[in-house]
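Annotated features in TrEMBL:
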type    : residues                       : note
DOMAIN  : 35-122                         : domain 'Phosphagen kinase N-terminal'
DOMAIN  : 148-379                        : domain 'Phosphagen kinase C-terminal'
BINDING : 151-155, 254, 310-314, 338-343 : ATP binding site
């Protein structure tokens, strides 16, 4: 008969255990006195919810997250609230339907977030994320046919370590983030002259800065991003107009560069050079950008983790949008096509932000736009495009 051996007792462990136990942080949930029922009673109604969150969430998964809270007080209901407030439409585009309140959310609620990222971004979380801001590795991007490619934009978002994300951060945190941004951008301005404007200054300034600033969207009001608006929201604009940095809007930082000549190679270079400078400056200020090997660059939305990069080109297409194989072509190219305010003009951008590095995703857009333009020319001549349909990227 098997005998269970008693656990081995180590003298030093027994001596220091009481002290070590005092160092274990208190479970944040034990500090709350939330008037909640059981997980079964609190499980949300998802019958007419068409978000990615709703397709993933089950009663068992909800119950596992129910009694967890991050050190800053984010609970699971905070994470899924955006999807409950905006359930989407059956035949509309699927939104991600959830948001992280802080960087720790991705760790504490990892079994939920990992499933959402895998489903929404079609990416296996077992793969490690890489980063590459060497713009010289990008091939092409400066030679689009200007009769079709009208303009381009490249943006990248970043989250700052030790702070809650905009959906959850306090007023004080938001003001500290603005002070950090001001210090970093003042140093950046030594090489790239620019000025930081508060949200209120831009609203009352009659001079056109080339930046559209409006009231908070309904989505921002619902998910908590617009709390205390416009307190500590700001926009930094370079003097030459090549770079805009949004502070405390949807994320801690969003760098955007737009070009009217559709030269995405130059736009990507501008982002690469300046995000690396800001990364070094924030490290110097002892508040680095959040990076996790499995997730890459960590930001508030699981739809943006990995690289946080969006590269897009506005393209004039008349025949291709009506072609029966368009959806299959875009899926194979790993691109998305969105309508714009202009008829027959579409925004072509990367569909995912995780799985490849920054150069890789920008290269997908460059190669994909060239192929779509080539297909459009074929269709103009009433020729077939079947031989141009690519294999899965």
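Here the Cβ of each residue, glycine as well, is placed from N, Cα and C on the backbone.
Mean pLDDT across the domain 'Phosphagen kinase C-terminal' (148-379) comes to 93 in this model.
The candidate set comprises the binding-site residues 151, 339. Of these, 151 has the most other Cβ atoms within 10 Å. Sorted by the number of other CB atoms within 10 A, the binding-site residues 154, 313, 342 start with 342, the lowest. Under DSSP, residues within the domain 'Phosphagen kinase N-terminal' (35-122) fall into helix, strand and coil as 42 helix, 2 strand, 44 coil. Taking Cβ-Cβ distances under 8 Å and a sequence gap of 6 or more within the same chain, the neighbours of residue 310 (ATP binding site) are 153, 154, 155, 156, 349, 350, 353.
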